[in-house]
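Colleague: Right, I'll just put the structure down here and ask away after.
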């Protein structure tokens, strides 16, 4: 990576500002999934071990007005982080002011403080989300000239707590998580070991147009599954019953199929039901057509067998988006079959691009078998599109 990393700077005795992604799900004051906290630990521990004084910034959810603050405080996160680190985490419960400044100035080497939810600054004029220059400058002034960005999940956004701080410090560097995310995803797309197979699921073609176009020029094959497959199949003249379809994207689907010249792989059969919820009949289709009154909710046995054929010998696999409604046991066989086909390839570098695919791998017990699971859905999508991430671009060059 052509940017400075946390290992390139002297940290001892310095107040080090760190942007982490602690945007975790919280229900009734309890964190229900702490993966993002765990993912930030290597960078935090390194800073503390080097004698740095860590000042952490993170957002949590969306905050538009005063009433939104309820349930959006980072207090439960401070408690969880303290337990994971085995040391106190100072939490002044504010985003600015004399109390915060005093608490930061009182930190000793190896101590840590968490600033309150950065999006509390969005209540008055969206200062965080719109990268208000004064806010970025103020937050930068709380440290000693070093900013570590370890929040890959927000790297595709230009906010005061990443791009704003970066612009006002001597050195803005990448943390270990950000460095790994970029290394795995960008290198897989830009310099893959071949054969390189990309797998795209999810419901809408419109969400993935840029990704499909970029990957068609980079990958050896692009497997399409999930709801967006039905738009491609309808564009080819197949019957799709009551399946999800974007009729306004049929011409685009035809264009992409022509451009792909055989690189786009679509389902050969489907698992269908007579309703999305409350269905009374589930069956497999004989081919790519779906009968009237039925909707496709997963791929079926011929497609799963084809996944094994298409992925045979693959050395790089990037997967973004499930191929069925995996949350329902009736429609998870396709996603399970796909994961089986990926992880059994010898020496394969297998990468999941965050979001629902990551949830599928974790919930269905496959997470440990993949080379890398991204922590950022939106950011990984933009990398797969070949876009420049503002949070990364703002870091200091090596």
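Quick reminder: no glycine exception, Cβ is built from N, Cα and C everywhere.
According to Swiss-Prot, the feature substrate binding site maps to 21, 22, 23, 36, 59, 60, 61, 62, 119, 157, an assignment based on sequence analysis. The annotation ATP binding site is assigned in Swiss-Prot to 208, 296, 327, 354, 355, 356, 357 on the grounds of sequence analysis.
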Colleague: Between residue 296 (ATP binding site) and residue 61 (substrate binding site), how many Å separate their Cα atoms?
Modeller: 33
Colleague: Compare all C-alpha positions of 208, 296, 327, 354, 355, 356, 357, the record's ATP binders, and send over the largest distance in angstrom.
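Modeller: Answer in Å: the longest Cα-Cα distance is 24.
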Colleague: By a 10 A CB contact count over all chains shown, which of the binding-site residues listed here is most packed: 21, 327, 356?
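Modeller: Sorting the candidates by Cβ neighbours within 10 Å, the top entry is 21.
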Colleague: Quick one: of the binding-site residues 21, 59, 61, 119, which has its CA closest to the CA of residue 354 (ATP binding site)?
Modeller: 21
Colleague: Hey, how far is residue 59 (substrate binding site) from residue 356 (ATP binding site), Cα to Cα, in Å?
Modeller: 21
Colleague: Given the binding-site residues 23, 357, which one's Cβ is surrounded by the fewest other Cβ atoms within 10 Å?
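Modeller: Least crowded of the binding-site residues 23, 357, by Cβ count within 10 Å, is 23.
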Colleague: Among the binding-site residues 61, 296, 355, point out the residue whose Cβ has the most other Cβ atoms within 10 Å, with all shown protein chains included in the count.
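Modeller: Selected residue: 296.
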Colleague: When you look at 21, 22, 23, 36, 59, 60, 61, 62, 119, 157, which the record names as binding substrate, what is the longest CA to CA distance in angstrom?
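Modeller: Taking every pair among 21, 22, 23, 36, 59, 60, 61, 62, 119, 157, the longest Cα gap is 18 Å.
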Colleague: How many whole Å apart are the CA atoms of residue 357 (ATP binding site) and residue 119 (substrate binding site)?
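Modeller: Each residue's Cα considered, residue 357 (ATP binding site) and residue 119 (substrate binding site) end up 27 Å apart.
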Colleague: Take the Cβ of residue 354 (ATP binding site) and count every other Cβ within 10 Å, whichever protein chain it belongs to.
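Modeller: I count 22 other Cβ atoms within 10 Å of it.
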Colleague: Nearest to residue 23 (substrate binding site) in three-dimensional space, by Cα, is which of the binding-site residues 208, 327, 355, 356?
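Modeller: Result for residue 23 (substrate binding site): the nearest of the binding-site residues is 355.
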Colleague: Would you identify the secondary structure of residue 356 (ATP binding site) according to DSSP, in three states?
Modeller: helix
Colleague: Can you tell which of the binding-site residues (59, 119, 208) has the fewest other C-beta atoms within 10 angstroms of its C-beta?
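Modeller: Relative to the other binding-site residues in 59, 119, 208, 208 has the fewest Cβ atoms within 10 Å.
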